[in-house]
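Q: Take a look at the following structure, please.
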Amino acid sequence: MLLLLARCFLVILASSLLVCPGLACGPGRGFGKRRHPKKLTPLAYKQFIPNVAEKTLGASGRYEGKITRNSERFKELTPNYNPDIIFKDEENTGADRLMTQRCKDKLNALAISVMNQWPGVKLRVTEGWDEDGHHSEESLHYEGRAVDITTSDRDRSKYGMLARLAVEAGFDWVYYESKAHIHCSVKAENSVAAKSGGCFPGSATVHLEQGGTKLVKDLRPGDRVLAADDQGRLLYSDFLTFLDRDEGAKKVFYVIETLEPRERLLLTAAHLLFVAPHNDSGPTPGPSALFASRVRPGQRVYVVAERGGDRRLLPAAVHSVTLREEEAGAYAPLTAHGTILINRVLASCYAVIEEHSWAHRAFAPFRLAHALLAALAPARTDGGGGGSIPAAQSATEARGAEPTAGIHWYSQLLYHIGTWLLDSETMHPLGMAVKSS
């Protein structure tokens, strides 16, 4: 009953915290500050975004094999009958309407953008899934992951902006390939699962208050780990729970490396990392938190430096940013302060939205309920070993064992509320972990 009441209390408080920022629209700085419409710049002829090859991890990913009508993977394709999209279908087989679900979702979003940008004009698809071998070897058209598009009026002066709208709609790679069309493609469904969520690999380490280090995957409620307050001062913070925990996950991580000192941090695209302002030489992180996917060489992250027995945070220049696929699991630890030192690099505990302070306030009800339960629930004794289990652990983990696998219910609640209240541009497209199909 106590846990049920706590959940109801959390839901009410979380909703109120998120609704208030969404409704506030007055002047000044704060959660309710209006976002100015983004100025859209047309793509130049032969430009592609992102600026990497199409079939790399940073774009739509590798080719996975041709899909035919007789293959087992044909069921991965779904027809698109959106009346706001014109399909050329010159083969007269309906093949151009077939595509993966991800491609369909992005195409439907783009169709709305096109009608908003040019009233009376629709999106036109000239090529979708190809079963006849008309494209180059290993083309993503053979998997239903690519489309070639124009506007219905075939006004070529619009194509640069059409490409930009495709980028904004969420296509994973957009190329102003020809003066006659724009080429767009998406990741494979299993690749999306590998890139989604906001986590660290299980092999990452944290520093414990009692000394030494511990693997992230081995953290338990009651552990106190090295973190930082909002002024950049190092301290030890209570580990509360995992916001996401997947032991068997195979994920694509961004590898952020510094040289002086030499440190390396792995985290998923949607996780937040603190970056120092250009004019800052001190240890205070301030409000600058970026998605890992936006961190670039030359920017500075915060690392632990030890000088004469004094340990403090200092900015260190990022030397390289690469991608690596690992099968070490995926873990998103939450501390009471909302920050954590992973592999000696300061990171946020949050992901999905690029506002650390928003996220930390949204978790205030969870922290409060955790503290109340820890105070109300007495530490219980583990009959097997004779030792006592901390109250915080017995309150939050029903079995007194390792934290529950999967995405934490409170994270899912906030995510769903956020999708109702926040602009889609506020949320990272790979923010919430998805299961591979």
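Cβ atoms here come from the backbone N, Cα and C positions, even for glycine.
The structure displayed is predicted, hence computed values, not measured ones.
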Q: So which of Cys25, Cys103, Cys184 shows up as N-palmitoyl cysteine in Swiss-Prot?
A: Cys25
Q: Given that Swiss-Prot annotates Glu127, Asp130, Asp132 as Ca(2+) 2-binding, name the residue from Glu91, Glu138 that shares the site.
A: Glu91
Q: According to Swiss-Prot, which stretch among 33-39, 152-158, 278-284 corresponds to the feature motif 'Cardin-Weintraub'?
A: 33-39
Q: With respect to Swiss-Prot, which of the residues Gly198, Gly202, Gly308 bears the note cholesterol glycine ester?
A: Gly198
Q: Quick one: of Asp132, Asp148, Asp244, which recorded positions lie within 10 angstroms of Thr126 (Ca(2+) 1 binding site), measuring between C-alpha atoms? Sequence order, please.
A: Asp148
Q: Fewest other Cβ atoms within 10 Å: which of the binding-site residues Asp96, Asp130, Asp132, Asp148 wins that one? Let me know.
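A: Result for the binding-site residues Asp96, Asp130, Asp132, Asp148: minimum number of other Cβ atoms within 10 Å at Asp132.
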Q: Does Glu91 (Ca(2+) 1 binding site) have same-chain partners at least 6 apart in sequence with Cβ under 8 Å from its own Cβ, and which are they?
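A: The list for Glu91 (Ca(2+) 1 binding site) reads Asp132, given in order along the sequence.
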